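Copied over from TrEMBL:
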- N57, H62, E67: oxalate binding site (BINDING)
- H60, H62, E67, H107: Mn(2+) binding site (BINDING)
- 12-162: domain 'Cupin type-1' (DOMAIN)
Amino acid sequence: MAVTPDDFFNAAMLDQPRNTMNKFGSLVTNINVTQFPGLNTLGISYARIDYAPLGVNTPHLHPRATELLTVLEGTLYLGFVTSNPNRLFSKVVKKGDVFVFPKAMIHFQMNLDHEKPAAALSSLSSQNPGVITIASAVFGSKPPISDDVLAKAFQVEKKLIDWLQNQFWENTNY
């Protein structure tokens, strides 16, 4: 297949807010090698994240990328957790601030405003960063992880695990 100038252009209109009417109050618009063939082998991708008032980009990780997030509008509470020991690094950031999430670290963002939406742009260090949404992976896998395993791991009763596994899990991350 011949390469064309259109392989190096994407009319994603990232300046436009997206619809955040879902149970998390956030939406991620990806610009990776799947939507933008010109990124192939370049080791970069991009995303816009929109947040409703109090919207959350749920805890997730990118197994193949570091993420650099820039706040476009609003005030976000965000952070990541290191591995062993599990230490939280969190901050409240506002328009113009930049925060980095190291590769493969669980991270999240939340719009702190009760009335106004927020938005951010993220640069990722892979043309295909991947995403693992923690709650969806643990409680929404198909087939499900044994409730015996999860009850023991989380030190809760099996009926709570069964309830969590019966929720409708969706992935709104990258």
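In case you wondered, yes, glycine gets a Cβ from its N, Cα and C as well.
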To the nearest Å, how far is the Cα of H62 (oxalate binding site) from the Cα of H107 (Mn(2+) binding site)? 9
Sequence gap of 6 or more, Cβ distance under 8 Å: name the residues on the same chain that satisfy this around H107 (Mn(2+) binding site), in order along the sequence. P59, H60, L61, E67, L78, G79, F80, V81, F101
What is the average pLDDT across the domain 'Cupin type-1' (12-162)? 96
For H60, H62, listed as binding-site residues, tell me which one has the smallest number of other Cβ atoms within 10 Å. H60
